[in-house]
């Protein structure tokens, strides 16, 4: 969540700023660093593997899931930069949690996972809590940016598309991680594809001019890059051990802390709506954690059980 707040701070700078942070440059550097770290981890864990063998197992071993995930994540980052430019922080944080809703829907199609009714109840609680937290945080106060309806619509549409891209990309990489079980190989492959796609788009956008590549890279941008790189490995490990849906619940908890902590530290008035919203988010996270001790049921398992029943 700290990474998302920093991302909004960097990408909400006015377009007229000559030292404005370029999200494409950030994507390239983040993914290159992820690839180098993953590559070194692979070489360190397998001393018999040569440089060529590692490249063949990651970059040259084309994977449709990794390619699709790279496309989705790159598109999501670009769309999030558009959303950050048009939206205030709290609406931006709220819409960044859209993946919590759409991920279970896409998981039903891509990973053939079924979730019981109580899980959908927890998702509804999370959504209601996020809405109440936004209303209670005072983010609906009138300001100059909020009056620009057209700009708000653009920001909302960009964040909706970004949420869909994040959900699809996360499920694609989850399927790869669950199939292979190789964390660093999957990370290296995804990072290589993502950096390549971002680099091609950057060259097309700037007409192969790299003189402003590091424009806007101050201490805040470097901190953001560090959080993105380290967070990428933490999220991948979480997805490998649990699921993308569980990871989204944890990020929802981060949203609750992001909207509740500032007024608490500043000793400002905390509205009843904000308290109820944060309470619903916490309840949904705890309830989901308790109910997800067992993995979701896949279609194949259900079909096997039904066939056994019919045979008996």
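Cβ coordinates come from backbone N, Cα and C, glycine included.
Annotation comment: TrEMBL describes 290-312 as region 'Disordered'.
Feature annotation from TrEMBL assigns transmembrane segment to 24-43 (among others).
According to TrEMBL, the transmembrane segment annotation covers 64-83 (among others). Only residues 6 or more beyond the boundaries of the transmembrane segment (64-83), in the same chain, are considered here, and those with a CB under 8 A from a CB of the stretch are 7, 11, 23-24, 26-27, 92, 95-96, 154-156, 158-159, 161-163, 165-166, 168-170, 172-173, 175-176, 186, 189-190, 193-194, 196-198, 201.
The transmembrane segment annotation in TrEMBL covers 89-107 (among others). Within the chain carrying the transmembrane segment (89-107), a Cβ under 8 angstroms from the stretch's Cβ atoms is held by residues 1, 4-5, 8, 12, 80, 83, 113, 115, 119-120, 123, 126-127, 130-131, 133-134, 137, 139, 152, 155-156, 159-160, 162-164, 166-168, 170-171, 243-245, 248-249, 251-252, 255, 258-259, 296, all 6 or more beyond its ends.
Residues annotated as transmembrane segment in TrEMBL: 119-139 (among others).
Residues or ranges marked as transmembrane segment by TrEMBL: 151-173 (among others).
Note on the transmembrane segment (182-204): residues 24-25, 27-28, 31-32, 34-35, 38-39, 41-42, 45, 57-59, 61, 63, 66-67, 69-71, 73-74, 173, 176, 232-233, 236-237, 240 of its chain, located 6 or more positions outside it, place their CB under 8 angstroms from a CB of the stretch. Summarising the annotation, TrEMBL assigns transmembrane segment to 182-204 (among others).
The transmembrane segment feature in TrEMBL is assigned to 216-236 (among others).
Annotation source TrEMBL lists transmembrane segment at 248-266 (among others).
Residues or ranges marked as transmembrane segment by TrEMBL: 272-290 (among others).
Taking residue pairs at least 6 apart in sequence, the transmembrane segment (272-290) and the transmembrane segment (248-266) share three or more C-beta contacts under 8 angstroms. Long-range Cβ contacts of the transmembrane segment (216-236) within its own chain (Cβ-Cβ under 8 Å, at least 6 residues beyond either end) map to 2-3, 6-7, 9-10, 13, 19-22, 25-26, 29-30, 33-34, 37, 173, 177, 183, 186-187, 247. Long-range neighbours of the transmembrane segment (24-43) within the same chain, counting only residues 6 or more positions beyond its ends whose Cβ lies under 8 Å from a Cβ of the stretch, are 10, 49, 51, 54, 57-58, 74, 77-78, 184-185, 187-188, 190-192, 194-195, 198-199, 201-202, 205, 213-215, 217, 221, 224-225, 228-229, 232-233.
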